Amino acid sequence: MDYLPIFCQLHDKPCLLVGGGEIAERKARLLLDAGAVITVNALDFNDQFRAWEKDAQLTLVHSTFDPALLNEVWLVIAATDNQDVNNHVYASASERRIFCNVVDSPERASFIMPSIIDRSPLMVAVSSGGTAPVLARLLREKLESILPQNLGKLAAFAGELRSRVKIRFCKMSARRRFWEKLFVHDRLAQALASEDRERVQQLTELLFSAPLDDRGEVTLVGAGPGDAGLLTLKGLQHLQQADIVVYDRLVSKEILNLSRRDAERIFVGKASGYHSVPQDQINQLLEEKARAGHRVVRLKGGDPFIFGRGAEELEYLQQAGVPFSVVPGITAASGCSAYSGIPLTHRDHSQGVRLITGHVKHDTDLDWSSLAAEKQTLVFYMGLQQAEHIQNKLIEQQLPETVPVAIIENGTSTKQRVLSGQLSQLGELAQQASSPSLIIIGNVVGLREKLSWFSDQTA
């Protein structure tokens, strides 16, 4: 992060603006909106500046720049068309440790001005750090079209209720639930927009009198196969509302960072052959945190109901009487195959898909004869350690040794690597791969050369 995003309270604080033209005028409008006490320094000023001075909204100083103008100033903006003057202003401000913005010169500025979406008191700022101002502007325009115009009224109304909410609800979790109900209350938003104060009062009293369930809850969320962009919108919504996030090894840092900054994160990572936290302790942890009134997101890689032991955890919560819900995720078979250019079904090559756990032992009672049937795709989860056993059992059942296979390592991520070969080479390929990996077996793998689109490391 090259710049720390902050919002400055400049009301009644002296600020200096150097420049008297159109660019300086735009900056002056922002400072006026912020309630700053503005001194503007230039040799000449446009009509708007003269009008502002006439209305006593700011003070004009007709002169060349003098560093003495910086005395007792909180903030300065250099907005002239003379680079030497701008540099002089910046150097003088830096000597005095005063924040200075030089318009269109981020490399010569101690702070930069973002693109702003103004829904006062709600403010949204977008910045590219000066590297791509057009992109920042386009994002601002996009956000302007999405954010309702009455958000400011809703935010201001929330400010009026803050002290009452603190008195009414002792627990932070109860307050958060109240605010979330208020902010998604469509009828209240409409009443505020139409300035129907009587209706606003009625709806507000209903919110305060409605019982708030103080119990916590657990939401089982599938994080998808790796790429943070594959997290569902509903999964993102629950993640950003969670007080506590209990997550596994396969959940990426990028997805974790989408949670609230004040949310507690608890790692219970598990991998084949190693369990850092036993399953019964995970179950008890979820119950304990929910009973304490927290909103808990149990975040699992892929889809929690496909080899994720999600059902086991929910069975425990159901018996314990803890409320729960489920947000499905994109399972590894779907995500990794798509990012590798391997369709799981194809009219000419595969009429079905089998998802199989790779945690198979030599005495496991799998129906290997049905797995060796033609025109289907086999997807083995967590199968690296048993790859040679899988290879041998399928060949025993007359599945041709030449059937294409692929091992997808770190699928959908920037570290994705795909190892391709034939069934007879599966055990050998597995020795070159590491977890997490997915094994795909079937003629559809042969389409990868034509359909591959995602940049990865191929072997």
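Using N, Cα and C of the backbone, Cβ positions are placed for all residues, glycine too.
Marked as region 'Precorrin-2 dehydrogenase /sirohydrochlorin ferrochelatase' by Swiss-Prot: 1-204.
Taken from Swiss-Prot, the feature NAD(+) binding site applies to GLU22, ILE23, LEU43, ASP44. When Cβ atoms from all protein chains are considered, those within 10 Å of ASP44 (NAD(+) binding site) total 8, not counting its own.
Residues or ranges marked as region 'Uroporphyrinogen-III C-methyltransferase' in Swiss-Prot: 216-459.
Taken from Swiss-Prot, the feature S-adenosyl-L-methionine binding site applies to PRO225, GLY301, GLY302, ASP303, ILE306, THR331, ALA332, MET382, GLY411, supported by sequence analysis. In the three-state DSSP scheme, PRO225 (S-adenosyl-L-methionine binding site) is classed as coil. Non-local neighbourhood of PRO225 (S-adenosyl-L-methionine binding site): GLY301, GLY302, ILE330, THR331, ALA332, SER334, GLY335, CYS336, TYR339, GLY411, THR412, each in the same chain, at least six residues away, with C-beta under 8 Å from its C-beta.
In the three-state DSSP classification, ASP248 (active site, proton acceptor) falls within coil. For ASP248, the entry in Swiss-Prot reads active site, proton acceptor.
Annotation comment: Swiss-Prot describes LYS270 as active site, proton donor, evidence class sequence analysis.
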>> In whole Å, how far does the CA atom of ILE23 (NAD(+) binding site) lie from that of ASP248 (active site, proton acceptor)?
In response: 52
>> I'd like to know which of the binding-site residues GLY302, GLY411 has the most other Cβ atoms within 10 Å of its Cβ.
In response: GLY302
> Looking only at ILE23, ILE306, ALA332, the binding-site residues on record, which one has the least crowded Cβ, with the fewest other Cβ atoms within 10 Å?
Replying inline: ILE23
> Helix, strand or coil: which one is GLU22 (NAD(+) binding site) in, per DSSP?
Replying inline: helix
> Just how many other Cβ atoms lie inside 10 Å of the Cβ on GLU22 (NAD(+) binding site)?
Replying inline: 11
> Once PRO225, GLY301, GLY302, ASP303, ILE306, THR331, ALA332, MET382, GLY411 are set aside, which residues in the chain still have Cβ within 8 Å of the Cβ centroid of the S-adenosyl-L-methionine site?
Replying inline: GLY224, LEU250, PHE307, GLY308, GLY329, ILE330, ALA333, GLY335, CYS336, TYR381, LEU438
> Across the listed NAD(+)-binding residues, GLU22, ILE23, LEU43, ASP44, what is the farthest Cα to Cα distance, given in whole Å?
Replying inline: 15
